[in-house]
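Asker: Grabbed the feature section from Swiss-Prot, which reads as follows:
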type     : residues : note
SIGNAL   : 1-22     : signal peptide
REGION   : 23-87    : region 'II'
CARBOHYD : Asn83    : N-linked glycosylation site
REGION   : 88-166   : region 'III'
CARBOHYD : Asn136   : N-linked glycosylation site
CARBOHYD : Asn146   : N-linked glycosylation site
CARBOHYD : Asn152   : N-linked glycosylation site
REGION   : 167-175  : region 'IV (linker domain)'
REGION   : 176-261  : region 'V (Cys-rich)'
Amino acid sequence: MSLRPLPLLVVPGLLQLLFCDSEEVIHNTESVDWEDRTVPETLVGNLFHSRITSPLRLFVKQPPDPKPSYADNTKNFWDWLANITEIQEQLARTKRRPIVKTGKFKKMFGWGDFHSNIKTVKLNLLITGKIVDHGNGTFSVYFRHNSTGLGNVSVSLVPPSKVVEFEISPQSTLETKESKSFNCHIEYEKTDRAKKTALCNFDPSKICYQEQTQSHVSWLCSKPFKVICIHIIFYSVDYKLVQKVCPDYNYHSETPYLSFG
């Protein structure tokens, strides 16, 4: 028995009927309203767009923002730094200096502000100081001095037993009972130096270089304490000064201490 290949009969009308039936099945199962679009209407395109309406809207890439310039970055940095610095200073003042509205913390010592001005041929010195009572048993003393010319300046807090002298003697180094109970220490210190040109004092026709120094010192004191004094040491080419200033026991006085040398 021999097998013979059967001929394949192709009926064009039948294939067209099958193709149309399959397309109708897809439309009926999806039940999606079609929209007008520029995509070629093919079977694959119909299948893709029937599931996602306007798919290009979901993947639209926004245009990139213009890159900020160097000046904009610098301005933003300084604005941020100024805001951060202002916030930190406010927090520091809030922690260290609580608001006290009662009158009993108004005056703790006989003076509040300190001012000293020293002028010589070689140096011009201005020292200012201020006491701030925190109301919680502690207080701060802030010093600032500006000098123009040549010289060394030292401003500090000492107990009343501190000896006023130019040279340090062996007796002055001995600690007394009062100095041991002196609970004050430096909390902050900063010094800035610069040079400028000006007319010479000895010869106005010439130009001399002058050194400018600005210092900020902050002291913090706590109990127990009785009396504190400001100790100033100043050395220059033509002038020497050692001065101790103590507060007045008449704490009702509102007049600040003024010293001119």
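Each position is counted from 1, following the chain as shown.
Note that Cβ sites are derived from N, Cα and C of the backbone, with glycine treated the same way.
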Asker: What is the separation, in Å, between the Cα atoms of Asn152 (N-linked glycosylation site) and Asn136 (N-linked glycosylation site)?
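Answerer: Taking the Cα atoms only, Asn152 (N-linked glycosylation site) lies 35 Å from Asn136 (N-linked glycosylation site).
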Asker: Suppose you look only at the region 'V (Cys-rich)' (176-261); what would the mean pLDDT be?
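Answerer: Mean pLDDT, the region 'V (Cys-rich)' (176-261): 73.
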Asker: At a 10 Å cut-off from the C-beta of Asn152 (N-linked glycosylation site), count the other C-beta atoms across all protein chains.
Answerer: 11
Asker: To the nearest Å, how far is the Cα of Asn136 (N-linked glycosylation site) from the Cα of Asn146 (N-linked glycosylation site)?
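Answerer: Answer for this pair: 31 Å between alpha carbons.
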Asker: Based on DSSP, name the secondary structure state of Asn136 (N-linked glycosylation site): helix, strand or coil.
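Answerer: It is coil.
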